[in-house]
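Pulled from TrEMBL, these are the features on record:
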| type | residues | note |
| --- | --- | --- |
| TRANSMEM | B:12-31 | transmembrane segment |
| TRANSMEM | B:43-67 | transmembrane segment |
| DOMAIN | B:94-300 | domain 'Cytochrome c assembly protein' |
| TRANSMEM | B:101-118 | transmembrane segment |
| TRANSMEM | B:130-149 | transmembrane segment |
| TRANSMEM | B:212-234 | transmembrane segment |
| TRANSMEM | B:254-271 | transmembrane segment |
| TRANSMEM | B:278-297 | transmembrane segment |
| DOMAIN | B:320-646 | domain 'Cytochrome c-type biogenesis protein CcmF C-terminal' |
| TRANSMEM | B:357-379 | transmembrane segment |
| TRANSMEM | B:430-449 | transmembrane segment |
| TRANSMEM | B:455-476 | transmembrane segment |
| TRANSMEM | B:497-518 | transmembrane segment |
| TRANSMEM | B:624-643 | transmembrane segment |
Amino acid sequence: MQDITRRRLLWSLPFATAAVAGGGFLAMLSRLRKGNFDPREINTPILNKPIPSFTLADQPPSTGFNQQELQQQTKPVLINFFASWCIPCLTEMGVLQQLSSHIAIWGIAYKDKPDAVAGFLQRNSNPYRRIGQDPDGSVGIDWGLSGVPESFLIMPGGIIKWHYPKPLTATSTKTLLSFVQ
Amino acid sequence: MISKILSPEFGHFTLALACCLAGAQFIIPLMGSKVKNNRLMALASPLAWGQFFALALAFACLITAAITDDFSVQNILQNSAADKPLLYKITGVWGNHEGSILLWAFILAFFGAIVSAYSEHLPLSLRAKVIAIMGGSAAGFELFCLTTSNPFLRVWPAPLDGQGMNPLLQDPGLAFHPPILYMGYVGFSVPFAFAVAALLEGKVDAAWGRWVRPWTVLAWALLTCGIALGSWWSYYVLGWGGYWFWDPVENASLLPWLTGTALLHSALVVEKREALKVWTILLAIGTFSLSLSGTFLVRSGILNSVHAFASDPARGVFILLLLAVISGGALLLFAWRAPTLTQTGIFTFFSREGSIVLNNILLCTMAAVVLTGTLYPPFIQLINGQTLSVGKPFFDNALIPIALVLFLAMAIGPVIAFKKGNLKQTAKTLSVAALISIPCIIIAFIYLHQILPSLATGLCVWIILSACSDFIKHIALFKTSLGNTINRMAGLPRSFYATYIAHIGVAITVLGIVGMAASQQKIVEVPINTTIHLAGYDWTLTNITDRQGPNYIATEAVIKVSKDGQPITWMVPARHYFQRQQQVVTDVAIHTNFVSDLYAVLGDSKNSTQATPLFVLRLHYNPLAPWIWIGGLIMTIGGFITLTDRRFRVGSPAHRKKAKDI
Amino acid sequence: MRFIAILFIFCISLSAPIIAFGIDSPDEMLANPQQEKRAENLGSQLRCLVCQNESIEDSSADLAKDLRKVVRQRIAAGDTDQQVMQWMVDHYGNFIRLNPPFTITTALLWFMPILALSIGLMVAFVTLRKRKNTVTAALSKEEQKRLNELMKD
C-alpha cells in the first residue's frame, strides 16, 4: 500500500470514532422518540424476586395487609403505590378503575395522612380491594420505590413479575394483562 | 415607537435574512477562492458584516418584545411575566432554549464580523476561506433556529400575562454566565475555521500559527471566565456550597476547555518551531466539535442533567445533522489532507516542545476520561439496557492522578529551552522552587491527612515559584544593576508576563480547591439570640424578619459574626418564596476576605411556629474558597494580556525568528 | 511563605469533614461522630435517584432524605460500609452507585485513563521518532545536492 494511503487511513481514525459516536446518538434519538429509551429510568433489580417483608396498617375504607397475606393469594395481584398529593396518581385513577374488573388491585398510600387519602378515594372512586398506609415511606424504600405512582404485578407465591414506575396508561395495562392471561 | 419598528415580524425577517447572507458568505468566497476570482473573495467581509447587523437587529427585536411584555410572542409568554424585574426580563431572553440558540447564532455572526475586521493582513485566499467557513457554521445555526427553535413564533389571542421564569434563574449570574460561556464556545469556531482553511489551502506554516494564536487565546480566556462564573454562580445560588458536580452539562463545558488549552500550547509550537502542525489542526477541529457536541447533548434529552433544557428529539436530530456536516466534514477533510502537510521541526524529548507535547497528551487524556465517563451511561443503556451512574467519586479518582502529573509538567516545562533542553540549567533554575515546595507537601499533609491534596499543594507552590524563578532569571534580578533590571522588565514581551500570570492562576485555583476540602461546617436548630462557635468565629442569630420582594416573600435571618469579641460582619441569609411557581429559593449569605469565606444558609425550619421558635442554620467556613474563582479570573487576565502583545497587533511586521527563545 | 502560615491558621480543625450539603436539620445526624462520618462518606457515593447527578448528601429531595435515614439506621444497627452499599444496590440497582462497579461492562470506563495515556504517548513517540529519521534523511539529500552544486562552481 502506498505510504500516503496508509497515512490517510490512520488519520481517518478520528472521523471513524466520531462516526460511531454519531451513529450511537442517532440510535438514542430514534429510541427516545419511540419511547423505549429513557435516560432517567432507574431500572431497579426487582423483577423475578420475592416480595420484601412488610406490614401495613389499615387505611380506611379498607384493611391493611402484610407480606404473608400477599404471598398466599392464589390469583395475581397488582400493588399500586399512590398518594393524594400526587397529580399523576389522580390521572391514573380512571385507568385503575377499569383495570379493577380484570385484576385485584391492592393500594399502598405513600407518605400521606389517612384523612387525606380517605377524602381522595371518596372523590375518585376506590379501585382498591385492600389498602395499607406507609406514612414514612420506609416500606416504599424496601420495594425500591423512587416516587409515586408505581405499580408491581405479584404472581401467586409472591414473585414480582412486572414493575411499572410511571402512571399506568392504556398501553401499559395491555402489557400488564398479557402477563395475567 | 421603537417597539413598532423592532417588531417580532421584523426580527423574524432579519433572522431569515441573516441566514441567507450567511449562506452567501459560505458559498461565494469559497467559489471565488476556487476560481481565483479576487472580487468574489473580497465579498466575504461585507457579507459577514451584513449578516452580523441583520442578526443584531433580530436579537434587538427579541429583547424589545421581552421588555415590552409582548405575550403574543410564544417564547416571551412561556418564559416571562409582567412582574419580573427588568434586568431579568432582558437576561431571561437567553435563559431558555430558543433564546439561547439565537444568542449562539448572534455571537457566531459577531465573531465572523470581527474576524473579517482583524484579518486584513492575511493573504486574500486564506482570509476568504476562513470567513466562508464561519459563514457556513452560522448558516447552519440560523437554519436550526428558524426551523426548530424559532423564538419569534406567535400566539393569538395574546394572554394577559406570562408563565414566569424559574426563580433560580432570576439572578445577576444569568446576565453574565451564559453570554461569556457561549463566547468561549463560539470563539473556538475561529481556530476551527483557520484549521479547515489551512487544510483546504494545503499549507500550515509559522505565519498561520501566528495568525491563529490570538483567536485561540481569546476563545480560551472567555471560556475560562465563563466556566469560572458558572461555578461561582452555583456556589452562591444553590445554597449548599458546592461548586462543581461533574454534571454532564458541566463536563460538556470542561471538554472544549481541556482540548482548547492543549490547542493553545500546540499553536504556540507551530508559531515558533513549525512543529506539531497536524496535532494543532486536529485539536482545533476537535475543540469546536466538542463545543458543538456539548450543545447537542444539552438539548437532545439524551443526558440526565440538572441543566438540560426541555428535551426534544427533533431538535436533537437537527443538531446531530449540523455536527455531522461541520465536524464530520472537517474530519474527513483532515483525513484526506493532513498526510500531505509537510512535517518539520525536530526536537528532543527533554525540550520545551517535548514538555508541551506531554502537556497536550495529559490534557487530552483527561478529556478522554471525562468524555467516556459522561457518555458511558447512555451508551451502555443503549447497548444492553443496563442503567449506570458515573459521578463525582469516579471522576475525582480517575482525574486527580493525571492532574498531578500535569502540574509537575507545568512546574518544570516553561523553564526548559526550546529544541534541546539543558538538564543542568533547568535544575539550577528550579532548585530553589523545588526545595521550598517539598516542606509544603509535608505541612499540608499534617493539616489535611490526605496524600493527594498535599501533593497538589506542593506542586502548586512549585508552579508559582517556578514562574517567579524564571522571571527573576530573565530580568537578572540581583545579578545586575537595578536600572538594568528595570529595563529588562520593561522590555520583556507581554506574552512572557501572560504565561507567568496564567500558570499562577491555575495554581491558585487548585490551591482553592484543596482549601475547600478542609472546610468546616455546623448545622444547628436554635432559637433567636443563640451564639454558635465555628472555626474560631462566634455567630449570633439576632433576629428573623419577613419582607416583601418584587415577586417573592422573603424570610431573613440576621446573624452577627465576631471573632474574639471584635465584630466582623452582619450576614443575612434568607429564603425567598415565589408565589407564582410555589417554589422556595435560598439566598445564601457569604462574607469573604478573599482568602476564605464565611457561608450561612437559613434552612427549612419546621419548628418556627412553636412557642419558642427554632430555626435551622447551616454555617460553613471555607478556607481558600475564593481562590478558586480568583484563580480563574487571573487565568483570564493572563489570556487577555497576551492579546495586547505587540506581535499580535494588526499590521505589525512579520518577525524573522531569531535564536532568542521565548 | 505566607500562604503556608494561612494554611496553618485556617486548617486548625483536623477532622477534615466531608461536606454534607443537603442535610436539613441536626436531628438527621447520628450522635456518634465516627458513625456520622461513615454515613456521610457512604452517602456521598450514593446517587440521589430523582435529582440529576447529586449524591444523597448533597440533595434536599425527600427521597434523598429517606435514603440518608436508611443509611444511618443500618450503620447504627451495625452493618459494615460494604453491607450498606450492597443493600442499596440490591434495592436500587447499580444506578445508585456514583462510582460504577468494576465489571466487564465497565472495564472500558475504568481502563480509559491508562488506555488514553498509553495511546497518546505511543503515538507521540512513534511520530517524533519517524520524523527525526525522515527529516535528517531529507536534509542530507538536500545538503548533498547543494554540495554537488557548490562543487560544480
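A Cβ is built for glycine as well, from the same backbone N, Cα and C atoms used for every other residue.
Heads up, TrEMBL stuff is auto-annotated, nobody curated it.
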- Note on the structure: Given the transmembrane segment (B:12-31), its same-chain partners at Cβ distance under 8 Å and 6+ residues beyond its ends are 37, 40-41, 43-44, 47-48, 50-51, 54-55, 57-58, 61, 102, 105, 109, 112, 128-129, 131-136, 138-139, 142-143, 145-146, 150, 152
- Item | Same-chain residues near the transmembrane segment (B:43-67), Cβ under 8 Å, at least 6 residues beyond its ends | 2-3, 6-8, 10-12, 14-15, 17-18, 21-22, 24-25, 28-29, 32, 73, 75-76, 80, 86, 89-90, 92-93, 99, 102-103, 105-106, 109-110, 112-113, 115-117, 127-128, 131-132, 134-135, 138, 142, 151-152
- Establish whether the number of Cβ pairs under 8 Å between the transmembrane segment (B:130-149) and the transmembrane segment (B:212-234) reaches at least three, counting only pairs separated by 6 or more residues. no
- Note on the structure: Under 8 Å Cβ-Cβ from the transmembrane segment (B:212-234), and at least six residues away from its ends along the same chain, one finds 115, 171, 173, 176-177, 180-188, 190-191, 194-195, 242-245, 250, 253-254, 256-257, 260-261, 263-264, 267-268, 271, 284, 628-629, 632-633, 635-636, 638-640, 642-643, 648
- Restricting to the same chain and to residues at least six past its boundaries, which positions have a Cβ under 8 Å from a Cβ of the transmembrane segment (B:254-271)? 184-185, 188, 191, 204, 206, 208-210, 212-213, 216-217, 219-220, 223-224, 227, 277, 279-280, 283-284, 286-288, 290-291, 293-294, 345, 352-353, 356, 359-360, 363-364, 366-367, 370-371
- Task: Using a Cβ cut-off of under 8 Å, list the residues of the same chain at least 6 residues beyond the transmembrane segment (B:497-518) that approach it.
- Result: 243, 403, 407, 410, 414, 444, 447-448, 450, 453, 456-457, 459-461, 463-464, 467-468, 470-471, 596, 622-639, 641-642, 645
- Message: Let me spell it out: take the transmembrane segment (B:624-643), skip the flanking residues so only those 6+ beyond its ends count, and list any with a Cβ under 8 Å from a Cβ in it.
- Response: 214, 217-218, 220-222, 224-225, 227-229, 231-232, 235, 243, 494-495, 497-516, 519, 592, 594-597
